[in-house]
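J.: Below is the structure I would like to discuss, written out as structure tokens.
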Amino acid sequence: MSREDLSKEKSSDNKNSLTLEGPQRRYLAADTFWKHQVGSISYWDVLLTIGIVVGYTTLLFKQKYATFAQEDLYQDEALLWEAMEYYKRGKFHLSPLGSLGIQLYSLIPRCKPLLRIVSLTFASATLGTIYLSERRTGISPLLALPSIAGIGYLPLFQLQASQICVEPLQWFFLSLVFYCWQSFTYYPQFGFCWTFHLILLSVSLGLSVSTKYLGFATWAWICVLALIRFWNTIGDVRLSSCFIAKYATIQILFLTLIPTSIFITSNTLMLTKWTEDSPEFSKYMSTNFKSFLRGPVEHPAGLNYGSIVTLRHLESLGGYLHSHNHTYETGSFGQQVTLTQQETDLDTAWIVEYKFPDKERVMINKKIHDGDEIRIRHRNTGKLLRASQAKPPVTGEEYDMEVSGTGDWSYSGDSDELWKIRIVNGPHHSMVKPIKSIIKLQNEGHSCDLISHDTRLPDWGFNQQEVLCVEEAAESRTHFYFEMADPMIPQGEQYELLHCEKSQIRCMADLLIEFWQRQFKYNYYEKNNQIVSPYVPETWPFNLLGNKLSVSIWVWGTLFPVAFVIFKVLQWLNWNPYTSTNNVTLNSLLLDKVGVECTLGWFMHYHPFFKNPHLNLDVTLYIPALLLGQIVVAQVINALYRWSHWSLTALVAYCAVAFYT
């Protein structure tokens, strides 16, 4: 439906009313803001935006010239710089950063002052885009300018804006997403401007999720806003069912396909860039991924008795089954059995033995099949892998059993040391294949499955992953596979090659999925495992860094969204569905729309950090949520200003007192 079609029907009883008369009740038209020209942007706004970008860049550069000219790296810059070094050399690397930020910064010459200026430019562009967004939401220039000035005044914003990091780039994409969303909801459906901003919104989402994984919170936020917008749109009784279906379909396609395509493309380019192995990172990857980096991997076609093997836990980083000459400090006090991340550790080697010791020589080099019972002996210490009734050292649940090493080279074991192999991804009684067969190990003495999880042992266990035996275990935690398998008698053994090539689509898809999974685990369970930040998410909204004015600006970014939520809850509690909606004003409509959108965005960019597995979280991670909180501040003050111009006097007085005291 065109703009003219949407504008034909007028309110029957009041030309200036925001609501129209429907068959059962009054309703808001889908193009209300467009018809009343609320949120229109003038050429002066564009010129002011350019002035904001240029002015803030120049001002902060002069103010922090010594910081920008520094040739040494600051501590917070090391993360991106290291990722860029690996990327330019084509070496594999695991990083908590998204691929796009690394790729974009790698295009710039390796000049530290220049890279800092690039970060400053993105931060300045963020302020300019937020100004345009606030103008699009109907905020007066008189309030929009102080709003973005307050954000730029924050010490943490200035700190990040003057460093080599991807945070300013993420802020810019977030501000661009918000501007595109406001423009998308402002223009009439299916017009050129509506379509253009929908495309730009989708592209911005793709760039955001590819820069930092917090961008997924931005993506989810926009999807929720799209659902709310759709709900409000179907309330316009003038719109046909065909129109609504077309409207929903186009949004779903654009908001899913374009961001997904950009994210996958960026990561695929990163993947194809890697031409050199980095053992310090590739040790965490599967054998399939290693074959992509190192070349074809030769392995026996089947697993034999007597083979020296390494056993890997499928769900863990590295995940090499490991034992060493140290004992537990609880339970059976037996030799520790853990998972380690060290690929070349000699203590990860085990020998697969036949269940009957007196027939072991006869069974050497015989193939092992699904359902066979085996003994697993540690090569360096000679101890057998054992499950016992003792409780594990960390997880002491009733159904958990300790796994340890017991005996010596002469010990043949009993049912506690017998393990039945079950192939998960193959038929019953099929041959166990190194690398290819995903297996479960079931203890015969206790009818439990060998598992591991992300829980670490204390310092006496060298902070390695706990291994235990559980009767009713989560299926994914029971999955292992044999990575290395050296037959005792290699003559006559058949070998196969494993190699993942870039030209194979299925191979590339598997590599991408594994890369995302291992990158996540590396960041949360390895890189940041033992590091605790002095700032926890609960304290971020009340960061007291800087003078009284900057502290006030920071705290307002939290208090106003919270106050808005309380206001809306009280409003809903007093809502009467039978009262007339004819008294709706543009001021209240804008406050509801922008307040709900930005408060929801503030929550969705802040709440994920409460679920973080590690505690190495810097307070600067709160800035994306704070930006949206500051828009709530500006919108609330704008509503008060439109209600009474005298309300601005109190705000100016407060800021003056805070600045000069």
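Every residue, even glycine, has its Cβ placed from backbone N, Cα and C.
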J.: Between 107-126, 187-206, 507-526, I'd like to know which one TrEMBL lists as transmembrane segment.
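T.: The listed stretch tagged transmembrane segment in TrEMBL is 187-206.
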J.: Please find, within the list 243-264, 639-660, the residue stretch that TrEMBL describes as transmembrane segment.
T.: 243-264
J.: Under the DSSP assignment, what numbers of helix, strand and coil residues are found in the domain 'MIR' (365-424)?
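T.: For that range the per-state counts are 3 helix, 24 strand, 33 coil.
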J.: For the transmembrane segment (553-573), I need the partner stretch with the highest count of C-beta pairs below 8 angstroms, choosing only from 41-61, 138-157, 213-231.
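T.: If we count Cβ pairs closer than 8 Å to the transmembrane segment (553-573), 138-157 scores highest.
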J.: For the transmembrane segment (243-264), what are the same-chain contacts with Cβ under 8 Å, counting residues 6+ beyond its ends?
T.: 1, 189-190, 198-199, 201-203, 205-207, 209-210, 219, 222-223, 226, 230, 233-234, 512
J.: Would you kindly list the residues that approach the transmembrane segment (187-206) from elsewhere in its chain, counting only those six or more residues past its ends and only Cβ-Cβ distances under 8 Å?
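T.: Same-chain contacts beyond the flanks: 1-3, 6, 30-31, 34, 173, 176-177, 180-181, 215, 218-219, 222, 233, 243, 246-247, 250-251, 254-255, 257-263.
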J.: For the domain 'MIR' (300-355), how many residues does DSSP put in helix, in strand and in coil?
T.: 3 helix, 28 strand, 25 coil
